[in-house]
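K.L.:
Take a look at the following structure, please.
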Ligand SMILES: Nc1ncnc2c1ncn2[C@@H]1O[C@H](COP(=O)(O)OP(=O)(O)OP(=O)(O)O)[C@@H](O)[C@H]1O
Ligand SMILES: [Zn+2]
Ligand SMILES: [Zn+2]
């Protein structure tokens, strides 16, 4: 008898393995790996959802001990064999539940307990249709999924293309339907009709010729009208006479469709050509090479990606491209769309569930060859992958902070192995990990050493803010920077001003007693929001009114520390009243599409200054921008995190690269209170190599990546004592089981010890080579004494240590 291995939706350590179920007779050979099922589970035979991860056979002798699966939820697999294999690896590699990994790979619509409707899309045996659907056009799958006979028929109908599945949720997520028409008669019949319809009935003649040429295809009515120029009345007449029939077809929602015309390939320069040639060879080779494309800002990396993707397509393969945040890189999306048109699907978190599901289906149905998306797009079920590009590979957003805690780079390498595809990691400032690997020959290094416009990188001036006069209160602007902005205004050129807000916010402090207004739930200070006139917690969303007096000593001497973008904008308006400013931060870009709109306005020179946070630092390519100013380079430098220097260097290099990208020369100002800091100095020199050398030295001494790997154990509990107890148990358990070189940091409370009323403790393990560690950690997961309120997580290669 057929059996299936099922991963059940019961995310606990004890149930984190496949369970065997018998397949009811009627469903034999209908159930495939990758389909979802309902199975009885546990003592109470509670019905739970699960994924079939494998199918098999069993000797009849053992059958008695096995339970039967209750229902089949899908008519075709939602996960293909590659994704199933990947989910297993992911679970193991990230210490996550297998079930969480399976869900991670699917669009939200397939995660929730969504209503599934079967819709008839083509004619079939009327008796069968009557018995399954009655008079209705759709059928709720939940009502028949426990009926093996009905499911048996539906799976067959689905395979024959007679029915389709729709997932209905409250928001407009049901697939959008449009009216389409289809020819009903044979070629010869139209021939005869053409001879009988009066010659002066031009419209009817034209309709007949059109229908004759259609063959079997269904054309949306709107498109048919555009193609023929005929009126609705003519089509209606055609329908009345039986020349055509109308039906509903599904129209997929396609986000960000508007492109500014086709994007034409430029002539590559020598370095670009060498890079494309190497990648192309990598795509064709039966191996899975990883390339590191290190190119200074404005060196034309994007063009290399596009050519390499075209090479994969020309090879009959598909291409996947990851970008840090789609909303932040509308220019990139437009260029890919411009080059590959309808062959592209876009996947990112800004899409509605419906849009995301539609894009995912276009991929699954193999209607697209190119996918562009953020981190989770790495799971796009593209078949025949030839190339995976990760742009700005050093960005932290490629690591997921919640379970499963995967890094898209690692998943990319896994998929590349599976498909013998090439991976291209691109950056002007590669992560130390990647550049170290390129140096040792693990990755193939490709370099673009100069800008496409043949200009040098813009000169960088470091401004020592300690030397600025203080009279009339502190200013966000040095005299030099203000003069430079003024000069751009006079010339009609544009400026970008960056306010570095990393690890930093405008908080309230009492000048008399030093009291800082903090969130009652979390251990962090509340942030001032001028727009909404209140104080907010960025971790849990807690809000409070702006205090007039100190809650502690009732003093009125309250000050707001830190510089918010709003405050800078106000100062700009005051100092340069003529300047038109666009402010870009979380507040002005919260609404969907707002980010792209603001950038577009800036691109059309509707403003002179773009003032913003980190989100304006990368990817922007505006020819009229000749000045970049960094208002506060230091914030973030002193954060308790070994990557603080690297992040600051990356940010300064990225934002400096926004100036002087076309024919006009650029200039950069960096304002700082630490002009002697090596990070600031090497960023000024634009010397990545020197920064890499200096930083590697520090990492070696302190035993951090890339010399050591890290893994973090985290415990959270609403009671501080309980959290502390468990973390100390864990620490004791590690003793004596680690390699001699392995280092254990902690246990310590996390820098922000309390978030959402949970207390956090952590241990960081640093190791070079510790073959037993993975097994040990896997065992710990099973051993740990859990009460219901305890959260325990293992985070491999954490990106933040606070
Ligand atoms: N071979 C070429 N000839 C002419 N123009 C080119 C060429 N390659 C790229 N460009 C143009 O140069 C500009 C900069 O290229 P691109 O945006 O790809 O640089 P980048 O390396 O990705 O920069 P960044 O890392 O700063 O985002 C773009 O406007 C692009 O169209
Ligand atoms: Zn809070
Ligand atoms: Zn006070």
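Glycine residues also receive a Cβ, built from the backbone N, Cα and C atoms like all the rest.
Keep in mind that TrEMBL annotations are predicted by a computer and have not been checked by a curator.
Feature table excerpt (TrEMBL):
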type    : residues           : note
DOMAIN  : 282-448            : domain 'Helicase ATP-binding'
BINDING : 510, 513, 550, 553 : Zn(2+) 1 binding site
BINDING : 519, 522, 537, 540 : Zn(2+) 2 binding site
DOMAIN  : 545-699            : domain 'Helicase C-terminal'
K.L.:
Can you figure out which of 519, 537, 540 (the binding-site residues) comes closest in space to residue 513 (Zn(2+) 1 binding site), comparing Cα atoms?
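P.N.:
For residue 513 (Zn(2+) 1 binding site), the spatially nearest of the binding-site residues is 519.
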K.L.:
Could you tell me the mean pLDDT the prediction assigns to the domain 'Helicase ATP-binding' (282-448)?
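P.N.:
That stretch averages a pLDDT of 92.
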K.L.:
Based on a Cβ-to-ligand 3 distance below 6 Å, what subset of the binding-site residues 519, 537, 540, 553 would you report?
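P.N.:
Checking each Cβ against ligand 3, the ones under 6 Å are 553.
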K.L.:
Please list, in sequence order, those binding-site residues from 537, 540, 553 with the Cβ less than 6 Å from ligand 2.
P.N.:
537, 540
K.L.:
What does the structure give for the C-alpha distance between residue 510 (Zn(2+) 1 binding site) and residue 519 (Zn(2+) 2 binding site)? Integer Å is fine.
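P.N.:
A Cα-Cα distance of 16 Å.
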K.L.:
Starting from the Cβ centroid of 510, 513, 550, 553, the recorded Zn(2+) 1 site, name every other residue in that chain with its Cβ within 8 Å, sequence order please.
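P.N.:
Checked against the 8 Å cutoff, the neighbours are 511, 512, 514, 515, 551, 552, 554, 555, 557, 558.
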K.L.:
In whole Å, how far does the CA atom of residue 537 (Zn(2+) 2 binding site) lie from that of residue 550 (Zn(2+) 1 binding site)?
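P.N.:
Here the two Cα atoms lie 18 Å apart.
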K.L.:
Should residue 510 (Zn(2+) 1 binding site) be counted as helix, strand, or coil on the basis of DSSP?
P.N.:
strand
K.L.:
Could you round the CA separation between residue 519 (Zn(2+) 2 binding site) and residue 550 (Zn(2+) 1 binding site) to a whole angstrom and send it over?
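P.N.:
The Cα atom of residue 519 (Zn(2+) 2 binding site) is 15 Å away from the Cα atom of residue 550 (Zn(2+) 1 binding site).
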K.L.:
Among all protein chains shown, how many Cβ atoms are found within 10 Å of the Cβ of residue 519 (Zn(2+) 2 binding site), not counting that one?
P.N.:
23
